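Enquirer: So that we are looking at the same thing, I have put the structure below in structure tokens.
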Amino acid sequence: MAVYTAAAAVLAGVESRQGSLKGLVYASNFQNVKQLYALVCETQRYSAVLDAVIANAGLLRAEKKLRPHLAKVLVYDLLLGKGFRGRGGRWKPLLERHQARLKAELARLKVRQGVSRNEDLLEVGSKPGSASQVPRFVRVNTLKTCTEDAIDYFKRQGFSYQGRASGLEDIRALKGKCFLLDPLLPELLVFPAQTDLHDHPLYQAGHLILQDKASCLPAMLLAPPPGSHVIDACAAPGNKTSHLAALLQNQGKIFAFDQDAKRLASMATLLARAGVSCCELAEQDFLAVSPSDQRYCQVQYILLDPSCSGSGMPSRQLEEPKAGTPSPERLRALAAFQQRALSHALTFPALRRLVYSTCSVCQEENEDVVQAALQQSPGAFRLAPVLPSWPHRGLGAFPGVEHCLRASPETTLTGGFFIAVLERAEVPSSVSQAEAPVSELTPGPAPKRRKRRRKATAAPSTQPGT
């Protein structure tokens with residue numbers, strides 16, 4: 001019974017925009033998170049079908065005490081899921097009284113639509129597609145451990161390490177308990193799509209960060225050397241911030257801004273668990289931060305990942321099948337904010353390199369924003385050429401757009417993403433070795449697939465954040 005009540009509460013929270021589906025599931029304190037997440041996702045996927053069946057059967061009219069979200073979860077499990085199987089509590093006999101009518105309405109719906117399978121009732125956007133095949137990427141937190149030790153830990157748990165992937169085909173072929181090292185990022189492990197590591201001890205202790213590959217690129221491409229001062233302009237939930245701290249080796253300073261107090265509190269917990277000690281959090285609108293403030297006079301690197309439509313997020317497509325493309329009005333409002341934020345970031349006097357990124361696939365939030373910002377500061381900044389072998393490039397026709405990067409489940413086996421690297425046109429000639437252009441960086445040798453086991457030092461600490 002508890003799982004149905006928890007699932008109904010999550011659905012109600014999503015509908016009232018209290019948070020994302022996944023965030024609400026993990027904030028629910030329900031013990032079996034995997035079970036709850038699966039039930040909520042499937043109920044949401046069949047939402048339109050369930051609404052029609054419940055309405056046509058007159059269930060809510062007959063049972064006044066049954067709330068709509070709870071009814072939807074119960075009817076999903078009764079008709080489309082695994083059945084109650086000992087669950088259901090006091091609602092089980094109630095639903096069974098209406099079972100024949102509910103099944104009849106589902107059958108009529110199939111007849112009207114000319115289909116025989118339940119899944120054929122789904123809209124095209126609700127059916128499993130390429131988004132569900134994005135692998136599980138796991139970033140090794142080098143503030144606490146190293147890639148070799150993390151690999152050894154997984155091998156001792158029965159996983160089979162396949163070495164560094166040579167390309168996308170190796171990643172597509174992953175299955176079972178096999179995993180790979182990403183061909184581009186030396187601290188990124190790749191597992192099959194359905195691998196769940198939320199309860200893994202290394203994740204719980206902050207040794208691993210569950211982060212999509214595309215989301216790892218902004219910090220990697222910003223590439224601040226240890227000792228740098230960096231601004232993370234729209235920082236929550238904090239995965240990119242923790243990545244920046246790892247690149248800095250906790251040496252230097254990260255100024256992280258976000259307006260949402262709850263998200264910032266969650267971010268503080270994440271950073272503590274990850275062992276980040278070089279970050280200063282501020283509950284503040286980045287647009288209100290003065291570039292002339294002496295605290296930021298040494299900031300040479302800015303990561304700007306502003307609020308966006310989220311149209312490229314695989315989890316959003318799976319959790320909210322009707323999300324689709326945002327309305328023109330919402331796109332205009334988002335793009336206006338994004339352009340203000342980017343133009344503001346470019347006014348910091350010591351700025352040398354900036355990464356602008358979104359998890360949107362809409363050109364209005366991506367290339368159009370970058371083009372407008374560059375036009376406002378003609379000649380001051382340029383798009384830096386990065387990752388020349390990356391297969392998916394920017395859209396549009398303005399100079400340098402080919403240097404922008406795009407990502408998608410179809411072309412890069414990642415979430416949908418956009419990244420532009422802007423650098424000041426006049427770069428001082430004395431560039432240190434640590435600041436070599438990212439476009440020239442190549443991964444080091446992959447950890448070998450050792451047959452002999454050795455003692456690992458990646459065992460999680462008992463005190464997260466240490």
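The backbone N, Cα and C atoms fix where each Cβ goes, and this holds for glycine too.
TrEMBL entries are annotated by machine, without manual review.
Straight out of TrEMBL:
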- 126-425: domain 'SAM-dependent MTase RsmB/NOP-type' (DOMAIN)
- Cys234, Ala235, Ala236, Pro237, Gly238, Asn239, Lys240, Asp258, Asp285, Asp305: S-adenosyl-L-methionine binding site (BINDING)
- Cys359: active site, nucleophile (ACT_SITE)
- 429-466: region 'Disordered' (REGION)
- 447-456: compositional bias 'Basic residues' (COMPBIAS)
Enquirer: Ala236 (S-adenosyl-L-methionine binding site) to Cys359 (active site, nucleophile): how many Å between their Cα atoms?
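Expert: The Cα atom of Ala236 (S-adenosyl-L-methionine binding site) is 14 Å away from the Cα atom of Cys359 (active site, nucleophile).
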Enquirer: Quick one: Cα separation, Cys234 (S-adenosyl-L-methionine binding site) versus Cys359 (active site, nucleophile), in Å?
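Expert: That comes out at 13 Å between the alpha carbons.
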Enquirer: Please compute the mean pLDDT of the model over the domain 'SAM-dependent MTase RsmB/NOP-type' (126-425).
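Expert: Over the domain 'SAM-dependent MTase RsmB/NOP-type' (126-425), the predicted model scores a mean pLDDT of 92.
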Enquirer: If I take the alpha carbons of Lys240 (S-adenosyl-L-methionine binding site) and Cys359 (active site, nucleophile), what is the distance between them in whole Å?
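Expert: With distance taken Cα to Cα, Cys359 (active site, nucleophile) is 13 Å from Lys240 (S-adenosyl-L-methionine binding site).
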Enquirer: How many whole Å apart are the CA atoms of Asp285 (S-adenosyl-L-methionine binding site) and Cys359 (active site, nucleophile)?
Expert: 20
Enquirer: Excluding near sequence neighbours, so keeping only residues 6 or more apart in the same chain, what lies with its CB under 8 A of the residue listed as 'active site, nucleophile'?
Expert: Ala214, Ser215, Cys308, Gly310, Ser311, Gly312, Met313, Gly415, Gly416, Phe417
Enquirer: Let me know the most crowded of the binding-site residues, choosing from Cys234, Ala236 and counting other Cβ atoms within 10 Å.
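Expert: When each Cβ's neighbours within 10 Å are tallied, Ala236 leads.
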Enquirer: Using a 10 Å radius around its CB, how many other CB atoms surround Asp285 (S-adenosyl-L-methionine binding site)?
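Expert: Result for Asp285 (S-adenosyl-L-methionine binding site): 13 other Cβ atoms within 10 Å.
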